[in-house]
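Listed in Swiss-Prot for this protein:
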- Asp253, Val254, His255, His279, Ser280, Asp301, Ile302, Gly303, Thr377, Thr378, Asn379, Glu380, Phe384, Arg387: 4-CDP-2-C-methyl-D-erythritol 2-phosphate binding site (BINDING)
- Asp253, His255, His287: divalent metal cation binding site (BINDING)
- 1-246: region '2-C-methyl-D-erythritol 4-phosphate cytidylyltransferase' (REGION)
- 247-405: region '2-C-methyl-D-erythritol 2,4-cyclodiphosphate synthase' (REGION)
- Arg24: site 'Transition state stabilizer' (SITE)
- Lys33: site 'Transition state stabilizer' (SITE)
- Arg167: site 'Positions MEP for the nucleophilic attack' (SITE)
- Lys224: site 'Positions MEP for the nucleophilic attack' (SITE)
- His279: site 'Transition state stabilizer' (SITE)
- Thr378: site 'Transition state stabilizer' (SITE)
Amino acid sequence: MLQMPSKQPISAGIVIVAAGRGERAGSPTEGPKQYRPIGGKPVIVHTLENFMTWEPATAIVVVIHPDDEALFAKAFRHIISATPIETVHGGPTRQRSVLAGLRYLKDKHVSHVLIHDAVRPFFDHTLLDRIAENLANGALAVLPAMPVTDTLKRADGAGTVLTTVSREQLFAAQTPQSFAFETILDAHEKAAASGRSDFTDDASIAEWLGIPVTIVEGTGDNVKLTVKKDIAMADDKLSASLLPDVRTGNGYDVHQLEAGDGVTLCGVFIPHDQKLKGHSDADVALHALTDALLATCGAGDIGDHFPPSDPQWKGAASRIFIEHAARIVRERGGTIMNADVSLIAEAPKVGPHREAMRANLSEYLGIDLERCSVKATTNETIGFVGRREGIAAIATATVVYRGRT
């Protein structure tokens, strides 16, 4: 609990309004905007994390749409919080959703409440402390707001300008809008009982009942993510500020040699008096590199995706496996930066085919040739490799995952 320089401390309940559908934020198949990723995490997680680390917050309730329970549960996996976080279902309007959250907090023994839009993730503790100081000093309602700086025009229904509106004493309201708890709960209950459902924010309900609302300075970053472009800009902003998430994966594979007419390594067929034994084409190099790529995002290994017991992969080209792994990496936000393969074999000689192998890796992975390396060494006639009983491969992949913490 944060003791302000005032006569009373603040014990704050937090209501996060997250029941909206976000029709203006793109295709419905993309999901509600509060669950879209920015900087590697859902919008709502960024919002919650700001409140979770604010000392006066003693209870947090997130008001969600009934259809979004699975989405919230998935987002909640990102969260470790000492402050209790609960959910309730919202109503058909923002006003009804807020009331549901307030009713939930009735037995949580909070003195004040901050009501915040889930899709405003860019507030900070300085703003919260400014609000709390005013509440602690006796304000019944506190509204963060910014002076209007754009020129405002009033137009008729046809889009013709009627007049220029003075900006003096005009403010753009933000959230969290904050109140003495019993005051705003009573105001919301009275609004519901009166049949009024047209209030667009909580300060308006306080104004309707004559409750004085104190304005404190908001922040320019505390914007509401409304349309698809807002979400893209927010993602760029956060991703640019994060340290790069560089991951390295390793892979190892070995295949036996048997009598045959050649081996396939990195997709290149090399004539030889032996061949590699395996369920697919036994390209030991690509198998090792496939595992290395999958390792960078914890996606298992090649056997999980292409089990040797599955007859459809009998004799399959290993290009299928490596391109599958590269696709998984990209779907999870990764950019492949480097691929390195070391082959351990007594024969055949790899040197004459190295550039063709590198070219294949470049094509399969969709990266520049200079980012692909193929090396070879013998085992100095030691062990199964030295006895020409098999070929081994060690691979390393470096992947940068964008927008992860």
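Yeah, the Cβs are placed from backbone N, Cα and C, and that goes for glycine too.
Within its own chain, Thr377 (4-CDP-2-C-methyl-D-erythritol 2-phosphate binding site) has Ser342, Leu343, Ile344 as residues 6 or more apart in sequence whose C-beta sits under 8 angstroms from its own.
Measuring Cα to Cα from His287 (divalent metal cation binding site), the recorded positions that fall within 10 Å are Asp253, Ile302, out of Arg167, Asp253, His279, Ile302, Phe384. Neighbour counts of Cβ atoms within 10 Å were compared for the recorded positions Ser280, Thr378, and the top value is held by Ser280. If you draw a 10 Å sphere around the CB of Ile302 (4-CDP-2-C-methyl-D-erythritol 2-phosphate binding site), it holds 24 other CB atoms from the protein chains shown. Counting other C-beta atoms within 10 Å of each candidate's C-beta, the recorded positions Lys33, Arg167, Lys224, His255, His279 are led by Lys33.
Nearest in space to Lys33 (site 'Transition state stabilizer'), taking C-alpha to C-alpha distance over the recorded positions Arg167, Lys224, His279, Ile302, is Lys224. DSSP assigns Arg167 (site 'Positions MEP for the nucleophilic attack') to coil, not to a helix or a strand. Between the CA atoms of Thr378 (site 'Transition state stabilizer') and His279 (site 'Transition state stabilizer') there is a gap of 25 Å, rounded to the nearest whole number. Looking only at Cα atoms, Arg167 (site 'Positions MEP for the nucleophilic attack') sits nearest to Ile302 among the binding-site residues Asp253, Ser280, Ile302. Cα to Cα, Ser280 (4-CDP-2-C-methyl-D-erythritol 2-phosphate binding site) and Lys224 (site 'Positions MEP for the nucleophilic attack') are separated by 53 Å. Comparing Asp253 (4-CDP-2-C-methyl-D-erythritol 2-phosphate binding site) with His279 (site 'Transition state stabilizer'), their Cα atoms are 13 Å apart once rounded. Taken as a whole, the region '2-C-methyl-D-erythritol 4-phosphate cytidylyltransferase' (1-246) shows an average pLDDT of 91 in this prediction. When the alpha carbons of His255 (4-CDP-2-C-methyl-D-erythritol 2-phosphate binding site) and His279 (site 'Transition state stabilizer') are compared, the span between them is 10 angstrom.
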